[in-house]
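Pulled from TrEMBL, these are the features on record:
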- HIS154: active site, proton donor/acceptor (ACT_SITE)
- LYS158: active site, proton donor (ACT_SITE)
- GLY9, PRO10, ARG11, GLY12, LYS13, MET14, GLU58, GLY98, THR99, SER100, ALA124, PRO125, ASN126, PHE127: NAD(+) binding site (BINDING)
- HIS155, GLY164, THR165: (S)-2,3,4,5-tetrahydrodipicolinate binding site (BINDING)
- 3-127: domain 'Dihydrodipicolinate reductase N-terminal' (DOMAIN)
- 130-264: domain 'Dihydrodipicolinate reductase C-terminal' (DOMAIN)
Amino acid sequence: MQIKIIIAGPRGKMGSEAVRMVNNEDTFDLVACIDRKNGGKALKDIESLPALDIPIYEDPEQCFQETDADVFIDLTTPDVGFEHTKLSLLYDIRPVVGTSGFTQEQIEALADLSTTHGTGCLIAPNFAIGAVLMMQFAKTAAKYLPDVEIIEKHHDQKLDAPSGTAVKTANMIQETRQSKQQGHPDEKETLNGARGAETDGIHIHSLRLPGLIAHQEVLFGGPGQTLTVKHDSYNRASFMEGVKLSVNKVMESDKLIYGLENILE
Ligand SMILES: NC(=O)C1=CN([C@@H]2O[C@H](COP(=O)(O)OP(=O)(O)OC[C@H]3O[C@@H](n4cnc5c(N)ncnc54)[C@H](OP(=O)(O)O)[C@@H]3O)[C@@H](O)[C@H]2O)C=CC1
Ligand SMILES: O=C(O)C1=N[C@H](C(=O)O)C[C@H](O)C1
């Protein structure tokens, strides 16, 4: 069976990689794109993209209304991605969302909409299989070594901090770790932010530098020992196996799935 796909953000770093991946998959058909143009070149003039003989929409609602599609892939920005995903569910087109930076409330709202419509939806904070394994190993380690800090490092064009991966890692750690405040009870920051962001006592430090792609270390400490679980993405192709798997799996789902670990066999 052919899976008909819409992509939003086709000229972006991830979106352009997804366009190439979909074009190279025999069972996937790219049927439309949502692209705001943003005063830049037309999609057809972007050398790194394959020739696209499909409708390109600026208005997402018009795209969902007029396009016969099975799956919608969003790789845009947090605010826009949330609106796109809502609309896609309203039109019963299954979203696969890589866009990060959604709040917990937004994810819950999308889960409700997905269930009400019986339309599958997959939100993956990280599509790289290695990153998912890193999160799972961290979840296991936290059971035995509950003192943990997360360092995530990304390219300097990233809009959201902390990364979706870091937030998801903290959530997964909370599933096995007893709630605790870490560090000295009397510790004080002499420079605001020195101890990073904090959720349930877990500190998250976000680094942004040119040259980086997507990297994370989860550090655990116990008496006389530390353990580091680390993952690096060196290019955006690292995410594409996960996008492929998500497109196939969302076709079989009638509710929202949050995290690639829930579809890995
Ligand atoms: N889940 C995962 O594994 C991964 C997730 N991500 C996430 O994916 C998202 C995209 O990342 P990345 O590709 O690096 O970012 P880019 O900035 O390269 O791409 C984002 C694209 O979204 C487009 N866009 C912005 N606003 C709109 C709009 N109103 N309508 C249509 N398109 C719009 C931009 O268009 P324009 O060019 O005109 O500004 C741009 O092309 C981010 O949220 C990132 O965190 C990234 C990597 C992996
Ligand atoms: O913006 C990125 O690049 C990435 N964003 C995702 C996140 O916020 O975790 C996934 C990956 O880290 C790359």
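The backbone N, Cα and C atoms fix where each Cβ goes, and this holds for glycine too.
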Listed binding-site residues with Cβ under 6 Å from ligand 2, out of GLY9, ASN126, GLY164, THR165: ASN126, GLY164, THR165
Same chain, 6+ residues apart, C-beta under 8 Å of the C-beta of LYS13 (NAD(+) binding site), given in sequence order: GLN157, ARG236
Between THR165 ((S)-2,3,4,5-tetrahydrodipicolinate binding site) and THR99 (NAD(+) binding site), the C-alpha gap once rounded to whole angstrom: 11
Cα distance (Å, whole number) from GLY9 (NAD(+) binding site) to LYS158 (active site, proton donor): 15
Reduced DSSP assignment, ASN126 (NAD(+) binding site): coil
All-chain count of other Cβ atoms within 10 Å of HIS155 ((S)-2,3,4,5-tetrahydrodipicolinate binding site): 14
In sequence order, those recorded positions of GLU58, HIS154, HIS155, THR165 whose CB lies under 6 Å from ligand 1: none
Local confidence of the domain 'Dihydrodipicolinate reductase N-terminal' (3-127) - pLDDT mean: 95
Sparsest-packed among the binding-site residues, when each Cβ's other Cβ atoms within 10 Å are tallied, from THR99, ASN126, THR165: THR165
Those binding-site residues listed as GLY9, GLY164, and which of them has the most Cβ atoms within 10 Å of its own Cβ: GLY9
